[in-house]
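Written out below as structure tokens is the structure these notes cover.
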Amino acid sequence: MAALLLGAVLLVAQLQLMPCRPAAPGAEPGQQELVGKAATLQNEVRAGAAPNGSAQQLPQTIIIGVRKGGTRALLEMLSLHPDVAAAENEVHFFDWEEHFSQGLGWYLSQMPFSAPHQLTVEKTPAYFTSPKVPERVHSMNPSIRLLLILRDPSERVLSDYTQVFYNHVQKHKPYPSIEEFLVRDGRLNVDYKALNRSLYHVHMQNWLRFFPLRHIHIVDGDRLIRDPFPEIQKVERFLKLAPQINASNFYFNKTKGFYCLRDSGRDRCLHESKGRAHPQVDPKLLNKLHEYFHEPNKKFFELVGRTFDWH
């Protein structure tokens with residue numbers, strides 16, 4: 001019997017993505033649709049669930065970004081809820097071809113085991129800025145609920161640079177100053193990838209081609225840092241979770257300079273790589289950054305019908 005169950009699981013894992021309807025205009029050739037296969041795959045897995053009822057489930061919600069916006073903090077805070085099961089690592093299924101080509105069976109295998117009543121969540125910040133991802137996610141589950149956490153675009157650029165800078169430092173490799181990236185021929189270098197990642201309206205338009213705005217909850221990353229509890233309450237309501245996370249689950253760590261978590265009497269903080277000091281930037285250059293993002297920010301506010309306290 002065990003051998004038969006193992007064989008069934010392996011067979012499910014080999015299921016490949018099959019087209020269900022024609023691809024949208026402008027989609028890649030042979031864009032594969034997943035709705036039917038996703039339902040079939042999940043039913044197969046539930047049928048072979050463990051005796052305690054736990055099984056790996058395709059995510060019912062995804063934290064789609066943005067990079068250096070606070071996705072790890074959001075996932076850790078959401079994991080305080082007993083009805084949430086979160087994938088530990090960034091999966092990169094929809095944006096990495098070598099993963100996407102392996103099909104939904106592979107994606108499912110990256111999910112945590114969860115009870116039937118629990119909500120499975122994964123987070124991959126690169127999803128938000130990857131052009132192919134919205135259609136692929138929609139093809140898997142057009143009703144999925146998406147979480148997008150954003151910070152002041154200028155601050156996000158500085159965080160983006162800081163992460164890459166420290167990655168080089170740890171490997172004892174030299175890395176140029178942020179000015180060398182931000183300035184070219186005396187002007188702001190608009191080709192710098194970190195700048196493009198902060199053009200939120202451009203990427204949001206791509207997601208709104210496939211999902212209505214009501215399916216995307218935008219978390220204010222700056223407020224989440226300053227006062228996490230109200231923001232996580234909004235996330236609970238959006239995901240239709242019973243209110244279980246309390247203000248007592250958060251405490252301010254003066255040494256680290258940000259909020260940490262308290263869960264069942266156990267204290268835990270984000271990794272030391274979080275909350276690093278940004279590089280010192282010439283005020284004039286910082287003003288150029290703020291000016292550059294002024295119009296894009298207005299377009300984003302109009303797009304989502306909401307304003308944020310950004311420069």
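Cβ coordinates come from backbone N, Cα and C, glycine included.
Pulled from TrEMBL, these are the features on record:
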SIGNAL    1-22  signal peptide
DOMAIN    59-298  domain 'Sulfotransferase'
ACT_SITE  LYS68  active site, for sulfotransferase activity
BINDING   LYS68, GLY69, GLY70, THR71, ARG72, ARG151, SER159, TYR259, LYS274, GLY275, ARG276, ALA277, HIS278  3'-phosphoadenylyl sulfate binding site
DISULFID  CYS260-CYS269  disulfide bond
(message) Give me the count of other Cβ atoms within 10 A of the Cβ belonging to GLY70 (3'-phosphoadenylyl sulfate binding site).
(response) 27
(request) Only counting partners 6 or more residues apart, tell me which same-chain residues put their Cβ under 8 Å from the Cβ of CYS269 (disulfide bond). (result) ASN253, LYS256, PHE258, CYS260, LEU261
(message) Is it possible to get the count of other C-beta atoms within 10 angstroms of the C-beta of SER159 (3'-phosphoadenylyl sulfate binding site)?
(response) 22
(message) For a quick check of understanding: among the recorded positions LYS68, ARG72, HIS278, which residue's Cβ has the most other Cβ atoms within 10 Å?
(response) LYS68
(request) Determine, to the nearest whole angstrom, how far the Cα atom of LYS68 (active site, for sulfotransferase activity) is from the Cα atom of SER159 (3'-phosphoadenylyl sulfate binding site). (result) 6
